[in-house]
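Student: I have a structure I would like to understand better, so I am pasting it below and will then ask my questions one at a time.
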Amino acid sequence: MSNLTPREIVSELDKYIVGQNAAKRMVAVAMRNRWRRQQLDPALRDEIAPKNIIMMGPTGVGKTEIARRLAKLSASPFIKVEATKFTEVGYVGRDVESMVRDLMEIGIALVRAEENEKVRVKAEARAEERLLDLLLPGGAPQPAPAQGMGGLTFDLSASHSGGQAIPQPPAQADASQASPPTGTGSAPDSRSSTREKLRTLWHGGKLDDREVDMEVEESGGPQVGVLSMPGLEDVGSQVRDMFSKVFPSRRKRRRMKVRDAFNLLTQEEADRLIDHDRVSDLARERVEQTGIIFIDEIDKIASGSTQKSSDVSREGVQRDLLPIVEGSVVNTKYGMVRTDHILFIAAGAFHFSKPSDLIPELQGRFPLRAELSALGKDDFLRILTEPHNALTRQYTALLQTEGVHIEFTGDALREIAAFAEETNAQTENIGARRLYTILEKILADLSFEAPDRSGDRVTVDSDYVREHLADVRANKDLSRYIL
């Protein structure tokens, strides 16, 4: 677990998110408290539960991004779900426990990737030896293709290797021109020499683009269409997993490049080296101790919401959420997962409701509240320039791939920021996402013509911005559809 201090966490979040300091400080303290809890005695550690957070603010101000960056910073399993996708038990829709099962799948993928990286060098070494076994010609004299080991056929002619023929041992020479070696050690020595020559060619990249036929395991397995009704996806997944264990895995022959064959062999060897039971145990522990579940649109299931629905009980969804948030045990295919120490971050705009419209029991499970402010012109200007992944840097890098170099002037950025604020005020306020639509409109022609303008340098100034937004500014109704 990361032992960054709250100040360091906020500093890292500042690299990608502008403003919203109160929310950043709150999640930084929540993350630091997890580290503090791990330093305690086990008896006291189990008594300390995370303080769940509700973020309030309009769309596009950074609620989801704060939680996502926090999870990435701490290498924690993270999942974003929407409260409106869940329904009360007995209705058609996903049950709330599915979010924990999905989080466990993410945890498994996260830990498996880490374990793969640990054994990568050893797996690649083993895969290389298997690849050489496949490439090394057999003992039977055949013109071409030659039959390799492991059920792989390989054309050894020079026409597929860029003009360079793969060396073959004397055992494969034409019987009419060469006699079998009489010495007992000559054949193994020749085979070893050929193997090393193949290794040299492989390391030099001379074999990457050659094609081979290789038997691989079918990843899909038998397609069992069972219980595919809405709301029963989890049950159907478990039944399919059961059938996949009953039916033997099928293999099929595929033609692929040697580089792709090496990658498949590396993955096979990594799977053999990894202890999958240990992966499940580590993933379950990480999910239980450091998992983060981000519940978006929590305001849509509050009783004060003006959106009515006759077939879904919003209060029922809240009551189903209670045991998960408070701490319960959820059955997954990797074992039982406790939710006592998973951090829940709920978020919503709360335009037509307020946190107090949630049922009191659920309010009590989210003791911390952070209000995110709407973005203005100055915030938009900072978003365009300060973050490491600023939109201007993204568009500049994208067009550079076509050989077009663009430069945004300061007055152009101020013009874009002012127009974003104006459009958000006159239409729907979508926060920083407005910058995407404006920049796409400004650079639409340039992006289309970029392949024909390689080597050009384009300066985007305020006049350029006003020219490309003139039609939208002149027609306010048009701006509602385009921006």
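Even glycines carry a Cβ here, placed using N, Cα and C.
Given the structure is predicted, the values throughout are model-derived calculations rather than measurements.
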Student: Among Val10, Val18, Val111, Val472, indicate the single residue that Swiss-Prot lists for the ATP site containing Gly60, Val61, Gly62, Lys63, Thr64, Glu65, Asp296, Glu361, Arg433.
Tutor: Val18
Student: For Val61 (ATP binding site), what is the secondary structure state per DSSP, taken as helix, strand or coil?
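Tutor: Note: Val61 (ATP binding site) is coil by DSSP, not helix or strand.
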Student: May I have the DSSP-based helix, strand and coil counts for the residues of the compositional bias 'Basic and acidic residues' (192-209)?
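Tutor: Taking each residue of the compositional bias 'Basic and acidic residues' (192-209) in turn, the totals are 12 helix, 0 strand, 6 coil.
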Student: So if I draw a 10 Å sphere around the Cβ of Val61 (ATP binding site), how many other Cβ atoms end up inside it?
Tutor: 28
Student: Please compare the binding-site residues Glu65, Glu361 by how many other CB atoms fall within 10 Å of each one's CB, and tell me which has the fewest.
Tutor: Glu361
Student: Indicate whether Glu361 (ATP binding site) is helix, strand or coil by DSSP.
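Tutor: Helix, per DSSP.
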Student: Could you tally the C-beta atoms, other than its own, that fall within 10 angstroms of the C-beta of Val18 (ATP binding site)?
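Tutor: Its Cβ shell of radius 10 Å holds 20 other Cβ atoms.
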